[in-house]
Amino acid sequence: MFNDIPVFDYEDIQLIPNKCIITSRSQADTSVTLGKYQFKLPVIPANMQTIIDETIAEQLAKEGYFYIMHRFDEDSRKPFIKRMHEQGLIASISVGVKACEYEFVTSLKEDAPEFITIDIAHGHANSVIDMIKHIKTELPETFVIAGNVGTPEAVRELENAGADATKVGIGPGKVCITKVKTGFGTGGWQLAALRWCAKAARKPIIADGGIRTHGDIAKSIRFGASMVMIGSLFAGHFESPGKTVEVDGETFKEYYGSASEYQKGEHKNVEGKKILLPTKGHLSDTLTEMQQDLQSSISYAGGKDLDSLRHVDYVIVKNSIWNGDSI
């Protein structure tokens, strides 16, 4: 029964340290395997237009990080796959569920991407199940990520349809206002929703949304995530595609949600907003810091790799009064 599960979010949890068994944090292995491939970190920059573009995707792939290209420039996806493969890099793209996407997927048979993410706000839907089946029929070797969902029932249905991983999180992101506009979602209890969904999953879970600090990555892994999708922490870099804006001599980058009017181009069914983030240096610096912090997390967990994080104890401290958005 849902009402019987503990409800908490990232700021309500503290992980409990174990005896350290490594002599240097640099010995901690932060790598993760997804499908047939190994990546340096269990993090994914959100597949949003103000977070990732083709240049950043190439940079990430070359350096051994996982990425998911957004779906908002439909005509560029096929040339993008070709260009990545010509460089010996993996191709990871997004699709929606409109009728035209079925034809697009079929057209990829001659040069199939390694990863396809079905990317819609409410992923527990017949339209998503139908698209999973279509991709698996047309491109059986492609790894399919489906989402977004927020319940164990949704995870099981998408896995049963053929999804290789599911993305958990409805509305917890910094520029997502689904919870306010609709009354639905995992905002405010994203970590508990992740735990609930992961217990039902037989395949990898990707936690998506609500990450405000690097420590939240470790918490996500503790509660069942194989990988963590992050928006705001990856926004605002010099390389970020978001428009640069100057206010009182200080530079900012635009960051907006995929369901915002800025993305849609019209004020219809809006569930996202736009914010300005102070420009904060280079993406590579953030990735390095994330890795170092995660290595520290592994050392506190008393292990040598990410799996050690899954076995630590935790306490619920109920610091909900501390709003993660203020960090």
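The backbone N, Cα and C atoms fix where each Cβ goes, and this holds for glycine too.
Now, the feature entries from Swiss-Prot:
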- C176: active site, thioimidate intermediate (ACT_SITE)
- 205-228: NADP(+) binding site (BINDING)
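The structure, with features from Swiss-Prot marked on it.
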residue: C176; record: active site, thioimidate intermediate; DSSP (3 states): strand
residue: I205; record: NADP(+) binding site; DSSP (3 states): strand
residue: I211; record: NADP(+) binding site; DSSP (3 states): coil
residue: I217; record: NADP(+) binding site; DSSP (3 states): helix
residue: F223; record: NADP(+) binding site; DSSP (3 states): coil
Among the binding-site residues listed here (S220, S226), identify the one with the smallest other-Cβ count within 10 Å.
S226
Between C176 (active site, thioimidate intermediate) and I217 (NADP(+) binding site): CA-CA distance (Å):
19
10 Å Cβ neighbour count around I205 (NADP(+) binding site)?
26
Could you round the CA separation between I205 (NADP(+) binding site) and C176 (active site, thioimidate intermediate) to a whole angstrom and send it over?
20
If you skip the near sequence neighbours and keep only those at least six away, which residues in the chain come within under 8 angstroms of H214 (NADP(+) binding site), Cβ to Cβ?
L233, E289, M290, D293, L294
